[in-house]
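Remarks on the structure that follows.
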């Protein structure tokens, strides 16, 4: 079939035109896509991806930080040993195993879960138990609460919260439990806070950190009479603060009596794996459920916590979430399954026993230290040691005790608890900084206040704590105790010295661990509070700078960043050889010096301004007088020049000079006569601190000189004789009853030196004058 060439050419051109249009449209769409990708897609996801090296480098930067930031607390790197590598390997294997076929995965996860549960029940003496593995250590208790609700409320699955409304459930926890535990349970269970009952600890008999069983019994009976349903009791085998164990045997009997569930948690449950277990902890094996945190006990990173429980109905356990039909969720136990096999029974027992030995080593050393008060439940087997610095009132200075006897209640006695809390907070932070491998921390207890806690079961396996670390900790504690006792004893003396000093103001800050807080009290007649506040800040800032420049062992600072007083000088810890009076005098003298220099500069500025104005007025008046003396004809340009040529007018140049020392305006005639600038009056001396005493070579400031009593009396007598000599040499214009300050004494001495120098000069001129000097002067006088 023949095709018209014209039509064929037209079709060809049409195809080329359509292709060009489509290519242009495609280019526009690609450019739009590129713009959209650059604008909306995050940088790491743009392009075709990144290589493994870049990604790992990014992770390393995020772990260690790209910039070196200075932090107040030292960074602790977890000690990951070979057993830790097994736990980390378990997470990778769990991800790999999850891609297996369903049947093979079900068999493998069932084997891992059953083996791990059996091993844990045997290790911790919990027979016929089931296990729930969870990441959050509170999640196990949450699932147990749901299990108990399903068990006690039969229609809960059908009717839900309506069943709880008719008979409100009650959960009992100890007042020594973890902070926020009750509120977290109520939030997750959807219960009001009225369903949570906090049981106080013992106040009369037994440990002050144990639950009061008799009071608990009364609370349960009262709730039953009000139509409530006692549901669950959370007990402690090692409280979070002090590590004390509740009376689990009596609590179990009480729970059986009221058909309640008993759940136990705490660090002391780790000792169930040892050969010898105390009876108080052994009673935990009879409870209905317990939570174990094996990761911190054995130093295993990223392993789940385990909640062991006993229950006969699997359907209710499934409804509560304690068991799951998903094989992937059962793989949570894989890291623990690998780590337990790697450690073995001996390795597990060795780590727990090592932590107990560390506690006993520290407790034995603390018994031999003065001013250290310990709080442990059982001195033979307590895995947690809590101690604090405490100085009995009878051990303090007898002088201060006699001075306080006349008062009803001294401030240091009424605020004693706050001061000890502050000092123990400082002590715990210092020990943690000096011995980071010890793992000590600061804990707030209800009765004892702030204490230092050593819980090796929670930290030793992670930080790798050894016996030598405990010995180092005790040595550091021995060095800090004298500092604490000295600061506590000198704190009151410092307060009294500051209050006796007029120019200083004592600031009471119970939260500052140190000698005290002082502020230089700046007095000003200005009514502007903002200006006075700025001047106060300027003086105290300069005072702090001057004090830090002194060679002393004291630390002066502006105080804490948060909660501190403004415009104050904070003084840190001190030693027993501190001279408090010299310290206070130096602070006051330095503050006065800064204030006088500041006022001198302000006054000089004002005097200079007024002097310039006065000089301008005098020069203007002198010009007017010169015009009157010269006459009117001399002011005419041509006539004045001719007149000055025939009869010159000689006028002495009259200028003005401003004396900064005297603050007065003077004439310059004497300068033209003598051809030299006069020195004027002697400037006043710069105010300096004359209270700094002479120190021996190498002796730092504010240290008491160790001299005998004879030497001290001899020095006192010599100083007294010097004072009498100065009294005889006082200026005549000073009355006998009037005292001379340091500034007046220095000025009197300088004036006496000037008078003596003039006298010596006159004597020299009189001795060197020739016999005919009078005749020469008479001959020279006419000229």
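Positions of Cβ are set from backbone N, Cα and C atoms, glycine also.
Between the listed ranges 549-576, 577-604, 605-632, TrEMBL ties the annotation coiled coil to 605-632. Looking at 25-47, 48-70, the stretch flagged in TrEMBL as region 'Disordered' turns out to be 25-47. Across the residues of the coiled coil (605-632), the predicted structure has a mean pLDDT of 73.
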